[in-house]
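Listed features, source TrEMBL:
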type	residues	note
DOMAIN	44-293	domain 'G-protein coupled receptors family 1 profile'
TRANSMEM	29-51	transmembrane segment
TRANSMEM	63-85	transmembrane segment
TRANSMEM	97-123	transmembrane segment
TRANSMEM	200-219	transmembrane segment
TRANSMEM	240-264	transmembrane segment
TRANSMEM	276-295	transmembrane segment
């Protein structure tokens, strides 16, 4: 089903998602493993959403953003994982141009939301630790809703534009996507002609949606750590560090793998590395987030016991 190089974009009506087809003997194992991961992600994040809604002790801005984050993780994973399971179960690897563009668009929009939401959560911790007397005033319910809405909606126009730009290219190199979902690097590889403008646009958007929020998070945590170190008691320092450490861990897991994927040169991309990194920030990190936030948080553990 591969399409010859002499054909133009109008010939390509569908792509083939190769996914894990190079591991024919492991299809059953992969299906079982991804099914379990999806269940853990759905149950773990749903649990956090429910517990932050029903427990009076968790009616704080920090847990409002955590519930938003858990909702996002469910949506984010649901863009890619059901398709992976379908491809493995049916061995039907074709995906229409429109379905591929839709998947990529939602993936990029939700990825941008994740970057913004992690930055907002670090700002919340910054206000709580560096300006505790005015915390309730600054992080009032209206401000929290505005910050959450901005995170959810902020990336939509840019990512729709980027998806339209990518899918207006001519695809004549092949119709085989050596990946398990429609992501930017493998799609750009299939485009013929000069794609340098598109690559530049991917870099600029990644700088805006990945590097800029990450810089804000680093700035917040620089001030947070400086404030914590000035606290008079060891107990106070330990408590402040424990509320921030789980968020920092999630930040480095997500931003580390996403940065390596989108901000490294095209020449260094290899299908194997891309798949491994993508698995990390699309599935592995969302699976560990509920564990990181619940097991490292005394309020959530107390709510659990109740």
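Cβ coordinates come from backbone N, Cα and C, glycine included.
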(request) Please work out the mean pLDDT for the residues of the domain 'G-protein coupled receptors family 1 profile' (44-293). (result) 88
(message) If we skip the immediate neighbours and take only residues 6+ beyond the ends of the transmembrane segment (200-219), which ones have a Cβ under 8 Å from one of its Cβ atoms?
(response) 111-112, 115-116, 118-119, 122-123, 155, 158-159, 162, 165, 184, 188, 251, 255, 258-259, 262-263
(request) Using a Cβ cut-off of under 8 Å, list the residues of the same chain at least 6 residues beyond the transmembrane segment (29-51) that approach it. (result) 20, 23, 58, 66-67, 70-71, 73-74, 77, 81-82, 84-85, 88-89, 283-284, 286-287, 289-291, 293-294, 300, 303-304
(message) How about long-range neighbours of the transmembrane segment (63-85): same chain, 6 or more residues beyond its ends, C-beta under 8 Å?
(response) 17, 19, 31, 34-35, 37-38, 41-42, 44-46, 48-49, 52-53, 95, 103, 106-107, 110-111, 113-114, 117-118, 120-121, 124, 144, 147-148, 151-152, 180-181, 282-283, 286, 289-290, 293, 299
